[in-house]
Amino acid sequence: MAARKRASAPQSVKEPSPKEIDKTHQIKSPVTDDPPIAPPKSGFIFKLILFFSIPYLYLIFYHYKIDLELRRSIIINAGLSLVGFFVTLRMIPVASRYVIRRNLFGYDINKRGTPQGAVKVPESLGIVVGISFLVLAIVFQYFNFTSDSNWLVEYNAALASICFMTLLGFVDDVLDVPWRVKLLLPSFAALPLLMAYAGHTTIIIPKPLIPYLGMDVLDLGWIYKLYMGLLAVFCTNSINIHAGLNGLEVGQTVVIAFAILVHNVMQIGASTDPEYKQAHAFSIYLVQPLLATSLGLLAYNWYPSSVFVGDTYTYFAGMTMAVVGILGHFSETLLIFFFPQVLNFLLSLPQLFGFIACPRHRLPRFDPQTGLLTGTNDGTLVNFFLRIFGRKTEKSLCTYLLVFQVIFLLFCFSSMQGQREKERRKNCSHSVHLYIEKT
């Protein structure tokens, strides 16, 4: 859901005269009055890349002792992802000309009444990211997987689900599918993944409940697969409805994707189980290309946006993160990373289910005189922030929302690190007591 209004087709088309037809035949190349899109915000993006790369590389090369073979695969994947970043950066202007030619453009509602509000903004540029990602992920198989690899089936099933969701997202952009249908689309796209899933279907019972249930692990069977399908539906739609500002959809994806990378590296470094390590490495192989290609898109989508990402991107990004959470066996942690999206979903429930009138665009009101946004009574986190913190510019509001996401993720990592340290001390204390008893 982008902050845009789609252009409608003209009511009638005037038949060209014979003289106009002759002039048309004299034109050797197509000419368009539409100006090219604004150049990418490269300086801002390269600062972000530097900000993400330094702590990430520190964790991989210095802080944790990661197996050389596993580290080699991660670096090869990172190199391919970097190629994907530059390909995305180069191909977006090319794709923009094609989508505008096919009338796939809109007008930025949050700039209505200003000169920028009258500019045609190409839509559905998430298709470039989706295609770049899929090509990179397929090529990476040559460097990492063998024909008898246990992970190859699940890897290809993951790519099939992501490809299916990208296609359905593009169909939604073109056909403007109703909301009720949108909620069901991810469940169809997740079918290849659910059918190929061969991992555990158990959950760990919280310690306070163990005396009452008489077990510490519960096998849910097919209910666990139902949960995975619902997770895919939630992730895709949560990115889609937490939107409406330039850079918000891609920005939240970049932040969550980086958090997933850090979480996976931490789990690999702290574990001694090869299968557990491989599950988290599998997640890294899909998230690194997602992060790199999304940064390429963010160069054009950050305020002021020169392209709209469309439902193609939000569905693609949501499904990719759902896939890595499921196959990396950290779906519960993934939901914690999505806390702002969960909060936005809870605020949206009364309107999504029709208890309160739901307008087509649940966006704040824009004042062209001041350039500030004012919150409405619509149930979104965007409007909630404006009601709490007062009127803001679109850029500052988007920054506030992304900083909120970052702060919560830092709190999550701090809590997980504290819990891990607590367990380590408990194990050390237990070992000392055993040693004393033996002596």
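Note that Cβ sites are derived from N, Cα and C of the backbone, with glycine treated the same way.
Curation does not apply to TrEMBL; its annotations are automatic.
Residues or ranges marked as region 'Disordered' in TrEMBL: 1-35. What TrEMBL lists as compositional bias 'Basic and acidic residues' is 16-25. Per TrEMBL, the feature transmembrane segment maps to 44-62, 74-92, 125-145, 152-171, 183-205, 226-245, 251-270, 282-303, 315-339, 397-416.
Sequence-distant contacts of the transmembrane segment (183-205) (same chain, at least 6 residues past either end, Cβ-Cβ under 8 Å): 153-154, 156-158, 160-162, 164-165, 168-169, 172, 177, 213, 215-225, 228-229, 232-233, 235-237, 279, 315, 318-319, 322-323, 326-327, 329. Stretch with the largest number of CB pairs closer than 8 A to the transmembrane segment (282-303), among 74-92, 125-145, 251-270, 397-416: 74-92. Highest Cβ pair count under 8 Å relative to the transmembrane segment (152-171), across stretches 44-62, 74-92, 125-145, 226-245, 397-416: 125-145. Per-stretch counts of Cβ pairs under 8 Å to the transmembrane segment (125-145) identify 74-92 as the leading one among 44-62, 74-92, 315-339, 397-416. With a cut-off of 8 Å on Cβ pairs spaced 6 or more residues apart, the transmembrane segment (251-270) and the transmembrane segment (74-92) reach fewer than 3 such pairs and are scored as not touching. Long-range Cβ contacts of the transmembrane segment (397-416) within its own chain (Cβ-Cβ under 8 Å, at least 6 residues beyond either end) map to 245-248, 251-252, 255-256, 259, 262-263, 266, 303, 333, 336-337, 339-340, 364, 373, 381-382, 385-386, 389.
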